[in-house]
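What follows is one structure encoded as structure tokens, with my remarks underneath.
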């Protein structure tokens, strides 16, 4: 009986040759040697070793312990490398070369896949912004007057972006309830998640030159899952007038896998209808390709699903965010990461953070491990996602997970 | 008659051996070879060449085309390198070695002195915050309720930090006056400066571990001048609720010279009296060393001085900013840059931005080149500064300059 080959995937495996997300891995025998890999089924393919073995012209951009050289290489190289990988993984004649380069996922450690340059977080779900507005500013309009005219964003801390699996230390800080006379200090009592997607910039741009809507795919390499951990009590006290700072900067987790845009071609979908006319640099009504993505997320706490946020409901697209972020002349660098903002759909069970899911703690979420308003020490949060691929096969986006450590 | 030696400075030269700010330079014959230098009088000393010639144990951290390896080396090495430089520049027996390593400033190009990791901007002048509060929120309190309890800050764009002399392209963007029905798009009509100091982090810290007040000098290497260019019309429309974004992200200029903290020992001064009790992690009342710095800035437009902001008037100190920035467990990286926020003193002629100097355009500034409310294309803004040094000699902080280019 022939041995089972790692190249033979079960039908419908979400990590087949239609997907091929990139990551950085080490093995226990060489823990210092970080290598670029793509996920294939339950294995990691050593893509630099493959490129060397195949005499690929692109081996050099795959030789570092980070994706950055590949990211910097630009779309033509991204496509060429992807075509080489698909060819190697699907050509029966090459099995004997490829099989030894597949390492079981169980035998690898995964690392932050790229060096993050600048990190920007947006606020692109109307449902999320409207819910948060009602909670944080009960006496004002749910949406600020600018919300439907521009994708609101802010810079976050790039140095505390961590890979999935990194423990998250509960942040301490100042908080002050309206009724308190003065702020107090201590561990956050309202530690929350934000289920998001992160977009990874490959090709840089020039200072002073905006990147138009239709150049999105020239600059953006792919997508990560992202959890923008948030301490709501710290955030509420600090954020007026200059925005979130310590309520967010303690950790932002990303998935170990970066799904290339090419793998999401079947997930393209039109964003929701826009309610107000957009200025020309944001007007995507005549775009060649729809700007939204049909990506379905699932948020679980301690293994229990608490929400299923639909990315297709996002009001602002990633292309609009990129165009906005650069319209003032700000330049892009390889490794820039911009996140969607919390993904919340219209329905209560589609909300992407506990602030909304529990309506600021009023309606606890019931878990087998007990009721939750916000996260407790030891809680583990895992966000997974998939998108429609070719021929009804799913494209898996992996997972981003993190466990809360007390302090 | 003996030739004049570049080692012989005029009495009181602000760039003597008591100062020795670090920068990165190239010469026209080797435009690709960036080298670490210190400023000495009107010369740049090639410190790596000196270290090699002297057989210094620290040559390696001076060998890159950026200050980052030196920054990462930590305070003990910073002090040792500085002592070696002072010795070389003041020992008559070493003149013959040192003189050939001095290059006239006029013959060098200066570059961004370090790779910026994260960039954070604070809001630490009570006079500035109070003036801006009155201008932006005329119907509210001038200071937000949190202002005297914590140093308010936000993350800015690290990728658009540029060295002094880099032209600044006027940003375009959305703006909407309250009376307008909808936002319009175009070049900023209210382009402003913010005169600030930037603090450069050398020694990194560990994720999850706060950096206390008294560890400031272990982590911070030195100080730059900084101009946080701001488009007030873009900022006013975008900044609620998540803070400044495109109104600031198009460019932030820093001086080419990083003045080491060691050179500012005589400038230490007590910050203003605090009006409210501070939480312990911010309470510097028992600090061994006063947290303020007596640094006097001068802001000139087209060579005409428009303001003289005193850094000694800042309510929050850089040590408090560092302690606050990390109290939630956020880690520091080598090359992190955090800026003071606009430096404004109590008097009208000490205000550090045009928004305040012209009271939002109501009271134009008179220049020989015409009246200004905000900056016009072709305007050149230069910020200089000095601090008291030993024996009445000044410590020069160099300059940060930039000229506005139209679009």
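Cβ coordinates are placed from backbone N, Cα and C, and glycine is handled just like the others.
Per TrEMBL, the candidate among B:228, B:233, B:275 that belongs to the Mg(2+) site alongside B:248, B:252 is B:228.
Ca(2+) is bound by B:194, B:196, B:228 in TrEMBL, and the record lists one more residue there from B:121, B:284, B:294, which is B:121.
When the binding-site residues B:196, B:235, B:248, B:252 are compared by Cα distance to residue B:128 (active site, proton acceptor), the shortest distance belongs to B:196. Only B:248, of the binding-site residues B:121, B:194, B:248, B:252, have a C-alpha within 10 angstroms of the C-alpha of residue B:235 (substrate binding site). Using a cut-off of under 8 A between C-beta atoms, none of the binding-site residues B:228, B:235, B:248, B:252 neighbours chain A. Here residue B:239 (substrate binding site) is positioned 15 angstrom away from residue B:121 (Ca(2+) binding site), judged by their C-alpha atoms. Among the binding-site residues B:194, B:196, B:228, B:248, the ones whose Cα sits within 10 Å of the Cα of residue B:342 (substrate binding site) are B:194, B:196, B:228, in sequence order. Non-local contacts of residue B:123 (substrate binding site) by the CB criterion (under 8 A, 6+ apart in sequence, same chain) comprise B:129, B:147, B:151, B:152, B:153, B:341, B:342. With B:123, B:137, B:235, B:239, B:342 listed as the residues that bind substrate, the site has a largest C-alpha separation of 18 Å. A 10 Å radius around the C-alpha of residue B:252 (Mg(2+) binding site) takes in these binding-site residues out of B:137, B:228, B:239, in sequence order: B:228.
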